[in-house]
Amino acid sequence: MKKILVTGGTGFIGSHTVVSLLKSGHQVVILDNLCNSSINILPRLKTITGQEIPFYQGDIRDREILRRIFAENRIDSVIHFAGLKAVGESVAEPMKYYDNNVSGSLVLAEEMARAGVFKIVFSSSATVYGDPGKVPYTEDMQPGDTTSPYGTSKSMVERILSDIQKADPRWSVILLRYFNPIGAHESGLIGEQPNGIPNNLLPYICQVAAGKLPQLAVFGGDYPTPDGTGMRDYIHVMDLAEGHVAAMQAKSNVAGTHLLNLGSGRASSVLEIIRAFEAASGLTIPYEVKPRRAGDLACFYADPSYAKAQIGWQTQRDLTQMMEDSWRWVSNNPNGYDD
């Protein structure tokens, strides 16, 4: 049984990964500063897993709390989610993103090495590919020109961790580039609760469904896609969580830098997502087509075959289940974790 430190473990993907880790027989310690999550998730995680999870409230840039965590726990590996993730905000406040995401990751890596912990799984993103001009995205594609400081910060941390591993072969660095996580845990107890107006499609749809927003803005209806709207590779958050566990179990004892795409290999359009959500919820989602957003691509999706070959993982849940689980979460928790 391994003890895993999960940074950002009360966030959307982090919390679902905590559930998956515990289900797989691992022990978990969570570090989160709660800047984009709620303390109220902790009793819900206990309800789902039947376990009390050690929680430290703090920041990955805080060496003191990191040293305390490593001193008080025999940590085997770190799964690193902690970071800011709003693309638009990153354009407006780049220094905030580089300080948090890049400097924070560097402090974390330094304190890991100081504690003798050399296994890290990093939550990266398909945004590091930029616009490669072809689909599907494969791991041998070079990172491109990112369209936001958020994407650049992910690319920079990938490079930093890869360089650290080259300099010190004790390290196992696992870089997971994932696509568009949606859905929620099947219990309806945990899900995505963005602060403010959501940046991503499904939380936006959910807020319209809950009556918090009057209609959905669909950015771009003239893309070269079958229905004119942008197409993305959507992945159920529990599939993504299980991908983290599979990658850690398969590769954390193998020195080197391991890069994997985690996606479904299928692209769905904005209108397809709206229709699928309407079918799951029985509601009608009003929407208005607006001009394209700068930097948005027409279509991208993963080639997931390398992940299947390397770690024996592939997605198990289809679009219908993603929508049903999302609707269960939002209908049971109209105010998120604030109920």
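Keep in mind that glycine also has a Cβ here, set from the backbone N, Cα and C atoms.
According to Swiss-Prot, the active site, proton acceptor annotation covers Y150. For 12-13, 32-37, 59-60, 81-85, N100, S125, Y150, K154, F179, the entry in Swiss-Prot reads NAD(+) binding site. Per Swiss-Prot, the feature substrate binding site maps to S125, Y150, N180, N200, L201, A217, V218, F219, R232, R293, A294, G295, D296.
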Fewest-neighbour residue among binding-site residues, criterion Cβ within 10 Å, set L201, V218: V218
Cα-nearest neighbour of N36 (NAD(+) binding site) within the listed recorded positions, Y150, N180, R232, A294, D296: Y150
Number of Cβ atoms other than its own within 10 Å, given for K154 (NAD(+) binding site): 28
Proximal residue to A294 (substrate binding site) among binding-site residues F12, I60, K154 (C-alpha distance): K154
Other C-beta atoms that fall within 10 angstroms of the C-beta of N180 (substrate binding site): 21
The residue listed as 'active site, proton acceptor' and G83 (NAD(+) binding site), distance between Cα atoms, whole Å: 9
For N100 (NAD(+) binding site): intrachain residues, at least 6 apart, with Cβ closer than 8 Å: R61, G83, L84
